[in-house]
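Asker: One structure follows; several queries about it will come next.
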Amino acid sequence: MFTEYLKLLLLATGDYVWLDLKTGREFDVPVGAVVKLCDSGQIQVLDDEGQEHWIFPQNATNIKPMHPTSVHGVEDMIRLGDLNEAGILRNLLIRYNEHVIYTYTGSILVAVNPYQLLPIYTPDQIRLYTNRKIGEMPPHIFAIADNCYFNMQRNNKDQCCIISGESGAGKTESTKLILQFLAAISGQHSWIEQQVLEATPILEAFGNAKTIRNDNSSRFGKYIDIHFNKRGAIEGAKIEQYLLEKSRVCRQALDERNYHIFYCMLKGMAPEMKAKLGLGLARDYAYLTTGNCTECDGRDDLADYSSILSAMKVLMFSETENLEISKLLAAILHMGNLRFEARTYDNLDACVVVRSPDLVTAASLMEVEPKDVMVCLTTRTLITRGESVTTPLSVEQGLDVRDAFVKGIYGRLFVWIVDKINAAIYRPPSCESSVIRRSIGLLDIFGFENFVVNSFEQLCINFANENLQQFFVRHVFKLEQEEYNLEDINWQHIEFTDNQDALDMIANKPMNIISLIDEESKFPKGTDATMLYKLNSQHKLNHNYIPPKNSYGTQFGIQHFAGVVHYESRGFLEKNRDSLHTDIIQLVHSSKNKFIKQIFQADVAMFLCGYQQPSTPTPKGVETRKRSPTLSSQFKRSLEMLMRTLSVCQPFFVRCIKPNKSKKPMLFDRELCIRQLRYSGMMETIRIRRAGYPIRYTFGEFVDRYRVLMPGIKPAHLQEDLKGTCQQIVSVRLGKQEDWQIGKTKIFLKDHHDMQLEIERDKAITDKVILIQKSVRGLKARTNFIRLRSAVVFIQKVWRGYMSRKNYHIMKSGFIRLQAVCRSRKYYRSYRITRRRITLIQARCRGFLIRLAFWRRLRAVLTIQAYTRGMIARRLCQRLRAERQRRLEAERQHLAEEEQLRNQMTVRRAKAEAERKHQERLFQLVQQQEEQEREEKEEARRKKELLEQMEREKEQPVDHSDMVDRMFGFLGDSGSLPNQDGQAPAGFEVKMRNESWKTVKNKDKYFF
């Protein structure tokens, strides 16, 4: 107590300590805290969660100093000074609060889900982590992917990356990031790489759903095997799927959704296609509203549907196949809306399907008769030797048959889609090629599950996780320590939690749980109760098995590596049988839809040939139909194949940690995280990684790889003492005091030793390469110099000859030009004299001709003037005579009217009236005269414009089509009958007047 009190006195403000609150809870560990105040033996601390605590001398044992490595955190938890659960947890917490989600444990990566998008996955980050060893750069998922890739090329060995964690821990996103990195660094950017990447959105749409733990939870497991050629480029891939959760199609828990594809289809499908399939909104379908959740925050179903269609085009899904898939999905939704009503026939419970549009639509989409669907869902036909018996089903049984049919459709559709993707991305190895291609496998499988009610699916999922945990334990703990013992190196054994006993009880030893469930499933009268009785009888003494609390209980428990899980046995056998009744298979067989027949092909084939026709009679009532394998046996066989595949690969592990259950960023639940760290064996992993030697080489491999560091060392096949050579290399390069060991056949190194040797090897090889490059470049430069010198001498010789010839031609052309100049000046003088004489003659001749033409034209002008003046005078005389004649006529009319009016009125009035009418006639004459003058002026103006237009047309180029139209346009409409008169076409009178005017002009010209 006094020592602890002294410890309190030695603490100062700002020191970091571990605070143990001693709550007694299972997953409570000491929390980090910083000293805020020291006052007379009492100190105040502020823990990592922001809570203040006072520490008094009597509870001084609750605190202890913190190692400096735990204050600000480390990138590799092997370097932690506080090697305990509290130190691991605080290290992850510090880095998580700084938005650093990745931490190493040797070569194992721990990833804490940030629940937000971080800017650490850009192309620049991919370039930064390319061809880098673990530890050179900060921890990152890209570093694991890079080491997978380059270890595959360096060691020529298949690699695998096992990504594990609870649902919602980020396994699927980690898988996609590794795929993105591998596609980027393979360097080809080919069509096959794009196809591999585009497989992800399709698988997520059909196999992922929103759960209470994860908005994009994988409801199936997958193993993606990516194949590389010898150049390191992706040349194909293959996807294996495991245990799709088919029950989600029919029902979901509260606040959960069905598979994404249903909501994406209803949001993104074109209206005309939805009308064709009879689809509406998500809230209209019972299968989509069981969980009372049709929307998912953070997901855009409309955009996702476009991505799905685009990915299907890339993966060679035809338009017909897309339509058939949509028809089956729509049929599933319509089947879910069917309603059943109870009936009683012959004292037997029965039911009928209420006729509705959904029944007709579902039947038409599957291309079967509605009445056949009704019969299939409400009755069951039992076929025995020689006879068949049809029994009615109750409402509950009818609903079960409908749900089984729907689950069968969706499960087989999913398998078909995976096979279709594999057909596009898988390239089988060539038989002729001797080069063995290598691969990198990515395992993204469901995490450990423990719900309020756990059923058969959870047993299979947790069985798979037990196998993966055993693989991890075997690889990290068992094999490592066994190899240390075999190699006889100094080593202190480390205890670890081994789940082999639980695995033996579940699936390995005789009469295991899986085999008992299978055995009971094969009995026609087997029930869940008889199955549970056999489990209790066989395993009640096993410490990993927890029997029901009483004889009426239906739950049994199993002690898994992650804790106890209680399973509800009701429904186990039905789910394990995973078989469809013969009525459903017969309904599928009667369908006209080729696609649904294709996905049920194996079931239909078993139905058609599954009934034996033995030569000897079979006892009546014994069914001889072949049975399909149970779901557990299929899953166990697939899991065994997966474990065999993983066992021949060099594994990398990514442990995904879920920081909280509410899926919120920057929220760290300490109890949840410590529980995940504890059952993942992280503490033991760190201890064995710190004490162990993860890098090991055989003597021959080590000598061949690192002999470049010691000049004069021969290759391994020429060495006699390989062990001594290895010891010589590591002693010189690493030092004798370093923690490395040499066993019987191998040399064992730490991670940093391997990094140091690789860096020195790269430097040594680089120096040798530079030396070779220098020598080769010198030889190449000398060879080029000699070739260039001979070429320059030859060019000089040719150039000098060319210049001499060129100068000769220049001088020759100069003399020729001088001769030409002299001659030209002589001819020029003669030409000037001749030109002046000819010019003088031309001037005299032109003057004479001009004067002659002037006098001729003058006489012509005078003659034209005389004739014109005469014509004008004659016209004026004619006009005056006509006017005089009209006036005389008017005067005669005036006198006659006056004489006539005198008989009718007085003389004065008669004279005045006659005078008025006379003035009116005179006025009309004046107006007629003015109108005539205006018409003459207008005619003159029009003729003048016509002449000007003709002059302009003379200057324009001739358009033959227009000329023909002008010449023959007077013919008018071609529809007129021959030999009949018709109205002249427009412009004909104008054309005739123009021709007359030309004739007059020509006559005047001839006359002149």
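Going from the start of the chain as shown, residues are counted 1 onward.
Glycine is no exception: its Cβ is also placed from the backbone N, Cα and C atoms.
It should be emphasised that the depicted structure is a prediction, and the values quoted were computed from it without experimental measurement.
The domain 'Myosin motor' annotation in TrEMBL covers 72-762. The ATP binding site annotation in TrEMBL covers GLY165, GLU166, SER167, GLY168, ALA169, GLY170, LYS171, THR172. Annotation source TrEMBL lists region 'Actin-binding' at 639-661. The coiled coil feature in TrEMBL is assigned to 873-956. Feature annotation from TrEMBL assigns region 'Disordered' to 969-988.
Quick one: where do these features end up spatially?
Answerer: Note on GLY165 (ATP binding site): other Cβ atoms within 10 Å of its Cβ, all shown chains, come to 23.
In terms of DSSP secondary structure, the region 'Actin-binding' (639-661) contains 9 helix, 8 strand, 6 coil.
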Asker: I need the least crowded one of these binding-site residues (SER167, THR172), counting other C-beta atoms within 10 angstroms of each C-beta.
Answerer: SER167
Asker: I'm checking region-level scores; what's the whole-number mean pLDDT for the coiled coil (873-956)?
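Answerer: Computed over the coiled coil (873-956), the mean pLDDT is 84 on the 0 to 100 scale.
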Asker: Among all the protein chains here, how many other CB atoms are within 10 A of the CB of GLY170 (ATP binding site)?
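Answerer: That number is 25.
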Asker: Taking the Cβ of ALA169 (ATP binding site) as the centre, count every other Cβ atom within 10 Å, in any protein chain shown.
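Answerer: ALA169 (ATP binding site) is surrounded by 24 other Cβ atoms within 10 Å.
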Asker: Near LYS171 (ATP binding site), how many other Cβ atoms are within 10 Å of its Cβ?
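Answerer: Taking all protein chains shown, LYS171 (ATP binding site) has 27 Cβ neighbours within 10 Å.
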Asker: Sequence gap of 6 or more, Cβ distance under 8 Å: name the residues on the same chain that satisfy this around GLU166 (ATP binding site), in order along the sequence.
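Answerer: Sequence-distant Cβ neighbours: ARG213, GLY447, PHE448, GLU449, CYS656, LYS658, GLN676.
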